[in-house]
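Novice: Structure in structure tokens, see below.
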Amino acid sequence: MNSKNLTPKASLKSIASYIPEKILSNKDFEQFIDTSDEWIVRRTGIKERRIAKDDETNSDLGTKAAIKAIQRAHLTPKDIDAIVVATLSPDYFTMPSTACKIAANLGLTNITAFDISAACSGFIYLLEVSKALVESGAKKNVLIVGSEKASSIMDYTDRSICILFGDGAGAGVVSLDTQNPIIDVHTASNGEFGELLMTKRSPKAKLCEPLAMKMKGNEVFKIAVNTLCNDVIELLNKNNIDSNQIDLFIPHQANLRIIKAVQEKLQLSDEKCVITVEKFGNTSAASIPMAMNEAYEEGRLKKGSLILLDAFGGGFTWGSALLQFGGENFTRF
Ligand code: UT7
């Protein structure tokens with residue numbers, strides 16, 4: 001694929017992440033729930049995850065990633081005219097949005113800012129929304145942030161879920177450009193499966209009762225594998241791309257076995273697959289931009305690289321995206 005001489009398209013001009021310092025390892029979990037490092041690694045591929053400090057909010061994490069993403073796009077905060085945040089663990093439920101908090105932290109007090117709720121598929125949804133905003137001419141430079149303080153909605157006595165999730169944030173800037181095009185994005189949902197993965201609050205609960213995530217993991221697992229395999233193949237076919245043309249596959253990092261199933265379906269080598277689940281666990285809407293940032297910082301994003309993303313999460317929501325990297329703006333980060 002050649003990105004030269006194209007009319008300007010929505011482009012991901014930068015990528016950045018913020019990773020909290022504190023590590024919560026599988027061995028740490030052995031101290032307070034009935035689990036083992038061996039079980040967690042065998043079933044999920046996760047070895048450790050990061051946990052934000054008590055006084056560190058979701059918007060703090062997102063702001064740190066956002067500042068870096070704006071710098072790497074060679075812009076300043078005042079160049080940003082919309083902020084969209086994907087999260088399932090906002091600072092506040094319903095309002096104010098985490099996007100408003102991040103905007104204020106960046107000194108932007110007269111700007112379009114809103115959150116989207118698409119769980120672990122949040123970053124794919126962000127690409128679709130930001131692409132539409134810039135290609136319609138409504139906005140010029142859209143800051144997209146996937147940010148999670150998943151630890152704030154985790155029941156650390158529920159071993160079926162608490163070992164899976166971690167905290168972190170990733171961000172990027174989407175603008176019209178002839179380089180780094182977001183070639184295509186597909187998003188979808190099926191609310192009939194909502195109860196398999198949700199933050200449940202009993203109707204009798206007091207309003208201030210904390211929310212905790214619940215998941216029927218095994219059922220989610222099977223649907224996730226089938227849905228993702230079909231979704232990526234549909235996106236590749238629609239764009240007349242053979243899976244052997246993919247240079248880098250950057251999937252949502254929920255479970256190594258889910259990633260491997262899609263990798264095998266597409267017959268991609270390990271070198272073409274970005275895996276961070278062992279270090280960060282599932283960071284939901286932040287997992288793809290955090291993994292993409294790793295690939296960028298490790299020099300794995302090369303000029304002209306064709307990138308495939310996929311994600312599946314609560315709702316159910318899912319999606320996939322094709323991007324091309326390595327244009328002049330990107331290599332200048
Ligand atoms: O990002 C959003 C999308 N999320 C996902 O895609 C996650 C999808 N699901 C999964 O990743 C997997 O289903 C899990 C990792 C959550 C669970 O793995 P599994 O192979 O599906 O295990 P399971 O739920 O079928 O449980 C098997 C056994 C059960 O014991 P019994 O009933 O066979 O005696 C569980 O009680 O493992 C037990 N178990 C645990 N054992 C040790 C469940 N959690 C744990 C644990 N440590 N933490």
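Heads up, the Cβ atoms here are built off N, Cα and C, so glycines get one too.
Just so you know, TrEMBL annotations are computer predictions that nobody has curated.
In case it helps, TrEMBL gives these features for our protein:
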- 114-191: domain 'Beta-ketoacyl-[acyl-carrier-protein] synthase III N-terminal' (DOMAIN)
- Cys120: active site (ACT_SITE)
- 236-324: domain 'Beta-ketoacyl-[acyl-carrier-protein] synthase III C-terminal' (DOMAIN)
- His252: active site (ACT_SITE)
- 253-257: region 'ACP-binding' (REGION)
- Asn282: active site (ACT_SITE)
Novice: When you measure from the Cβ of His252 (active site), how many other Cβ atoms are you left with inside 10 Å?
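Specialist: Here the count is 32.
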Novice: Pop the mean pLDDT for the domain 'Beta-ketoacyl-[acyl-carrier-protein] synthase III C-terminal' (236-324) in here, whole number is fine.
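Specialist: A mean pLDDT of 96 is what the predicted model shows over the domain 'Beta-ketoacyl-[acyl-carrier-protein] synthase III C-terminal' (236-324).
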Novice: Quick check for the class: what is the C-alpha distance, in angstrom and rounded, between Asn282 (active site) and His252 (active site)?
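Specialist: Cα-Cα distance, Asn282 (active site) to His252 (active site): 8 Å.
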Novice: What's the CA-CA gap between Cys120 (active site) and His252 (active site) in angstrom, rounded?
Specialist: 7
Novice: Taking the Cβ of Asn282 (active site) as the centre, count every other Cβ atom within 10 Å, in any protein chain shown.
Specialist: 23
Novice: Which three-state DSSP class does Cys120 (active site) fall into?
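Specialist: Its secondary structure by DSSP: helix.
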